[in-house]
Structure formats: C-alpha cells, structure tokens
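Step one of this worksheet: look at the structure below.
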Amino acid sequence: MMMIFFTVATYLVYRLTKRTYSKWAFPLFHPLLFAPLALIGLIALLDVPADDYLNASKWLTHLLGPATVAFAIPIYKHLPLVKKYLGTIIISITAGTLIAIFSTYALSKVIHLQTSFTTSILPRSITTPIAIEVSKEIGGLPTLTTVFVILTGVIGGIVGPIVINRLSIKTPIAKGLALGMGAHGAGTNKAMEYGEQEATFSSLAMIFAAWITLLWGVILIPALMNIDQIL
C-alpha cells in the first residue's frame, strides 16, 4: 500500500511542479529542484522515515537505467548525421569532460573541501546512474553525488539556453552537444524543445560523456587524488 501511495505521490508532485514551471518558468520552480523539496515536505508532514520512502519508491530509481537507454532512439534516427560528425563529437565531449573534472577539482581545492566531498562532486556532469557508480568507485558519497548531479542539470538547463542565445549559437549540433554535456538529462530535455536534431546530439553528448567519465574514473581521477595526498 505504501509503495502505491508514494509512487503515485511522486508522480503527481512531479507533474504539478512541471506544469507550474511551464506556466511561470521561474528557476526555483524547476521540477528537478522543486519536486524533491515538495516530497521532503510531504515525508516530514507524514512523519515517514526517509528509508521507508526510498524502499517504497525504489523501482522508480531502477527505471533511470532504461530511461537513459531510451535516449538512443533519436540517435538511431539520425545515424548518418552522427557518423558524419563523429570525430567532432568525440573531441568536443572529451574536452568537455576534462574541463568539468578539472574545474570541479580546482574549485574544491580553492574552498578546501574534504577528499570525500571532492570525489563526490567530480562526476556531477554525467547522468545520475553512471555518476553514482563512478562516485562509488572513487570513494565518493553517492547521495551527495546525486544532489550535485541534479543541481548541475537544473542550473545547466536554465543557464544553457541563455548562453546559447548570447553567443548566437545557431547550429543544432552545437546546441545539442552544449546542452547534453553541460546539463545531461535536464539539458537533453531542454534540447527537445529546440528540435529533434538538437535532442539527438544532446543525447549523444550525454552518453559519450558518461562513457568517457567512466574511463577518467579509472585513470585520471585516482591520479588527481594521489597528487592531492602527496601535496
């Protein structure tokens, strides 16, 4: 009974916040930001332990994997275009992942974050299921990683279109790659509002970013942490 209640409640809260954001487009009303806050309020009001809510709605979490895989559908539809620009895509996303990791690492050093916090936020620029696995692999805190992945997506989804307009970026490929790399799932959702090609390349950017960051999680990030310990 609890599983049905919290599953329905989660869905209804998300739909309500999404409709509210569509109507007013105020940043704090973004579904990925406002829906969790509303659910926390509901759980606190009902005096339900967080673990009970997580257990009751855990199958929704399991759907993150299939939902991510579903982004491959628009890629398949535009496969010839993807093949044509494959080199550009790989170079762009590789550069994007490196910038994301090094900028996050540098900022963590400037504000003197603990190592566990640093390793938790390093995978913030990839989609949640992969970010959680990378975080576990490098000694981070998956819960904290999830929070920063969501924040990155929300902020990127809001700021990304503004940057695109200010820089007068016109090509669907550039728009899609920027949104997918900068804001993963939330960015891809925003790219769908531009068009199918933007959504295709945003999906591709998100998938490639996850793969490449997995590689960095084995090679680059442990090296950074070792250097950090030496210094």
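The backbone N, Cα and C atoms fix where each Cβ goes, and this holds for glycine too.
Marked as transmembrane segment by TrEMBL: 25-47, 59-79, 85-107, 144-164, 204-225.
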Feature contact check the transmembrane segment (25-47) with the transmembrane segment (204-225), CB under 8 Å, 3 or more pairs:
no
Select the range from 59-79, 85-107, 144-164 that forms the most Cβ-Cβ pairs under 8 Å with the transmembrane segment (25-47).
144-164
